[in-house]
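Annotated transmembrane segment per TrEMBL: A:49-71, in sequence order. Here TrEMBL flags A:70-164 as domain 'DUF3600'.
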Amino acid sequence: MSIDKQLRDELLQHAKSLKTPPEIESRVYLSYQNDFLQKKGRLSMKKRLVSGIIAVAILIPTAALATPYLADQIFGSSQTIIERGGTQEDYQEIEKLFQEAKSKLTEEEYAEFSAVMKQLMDLKIKITDQNGVMHEDQLTAKERKQFEEILPQKAAPYFEKIRGGK
Amino acid sequence: MNDKELLPWLEKMLTGDEAAFRVVYQATHTDVHRTIAFLVYNKQDIEDIANETYTRMWRSFHTYDQNRPFRSWLHGITVRQVQDWKRKAWRRIRLFERNRLMHDEQFDWTDSEVIKSETQLELLGVVRTLSYKLRVVVILRYFHDYALDEISELLQIPLGTVKSRHHLALKALRKHCELTGGDSYVHRQTTTR
């Protein structure tokens, strides 16, 4: 038997044993319904998200509420992170870190810490694409040294203070 | 169902007619599932990719040229979804998850060993050990019966690349046949006579 024929036979024989799992069917139907039957619902999804954010804002203790989002001072808005493959949750985590930093560092230290973080994040945002993958090769040699050595070294003692104070 | 019969259902599908979509699904799912299952072995991944393939099918339907076979347009989408999925998976997942996945793949591999020994599909076992790039050419050539230039168009890679991958794949398969040639000969004799 030629190898061509044997190959065809075996692939066909194996294919016959492959049955589409019913999970696929129900999932594909669900996707279809989501895409077609709830198209009008898309706007309300956005509305739901907005009301969700408002609800969260109300739940945040008043002390935190008094200060605007600290992370916004670094990134502009959560959109910057989301556009690069992050999630709202990621952004909340970063915000938590800054809140902690502010409460544990002196005012002077916090100013320095956020300045360093801003430089670091600006570089990071510059090289991160929409899937969250970093392309270090886009940096100049000087920027790269900043990104990989100088800035992390500057930030390290502050991180120790923040984490150590836990 | 041929293209001419399928087309009205496809058009109805785009208007949000779920019954029409069910007809399309019933007419295509075996082919889509088999294609994916030849290229990816993890059950959950197969399910994800099948779902992505169908989503792509109705979202990109406007790019389908109705003078050409629907089947090959859908195969193009399917293999691209498999490729996209592979690329994304390796980018996104963390190291420990990667390890787990590799472990899973090994686990599935033992599973296919079982299939192999049960049904005596010796070449299939070798096909499964081929790299993805070679394997996809073998599946399109010998399972879907595409000519090499059609494969080049489907995968959007140069014809020369398809030819060399096809050649490499066959070489690996032949080598296997030579190595186990004696055994399989004896074996075939005992089963056929």
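Here the Cβ of each residue, glycine as well, is placed from N, Cα and C on the backbone.
When pLDDT is averaged over the domain 'DUF3600' (A:70-164), the result is 77.
Across the domain 'DUF3600' (A:70-164), DSSP classifies residues as 76 helix, 2 strand, 17 coil.
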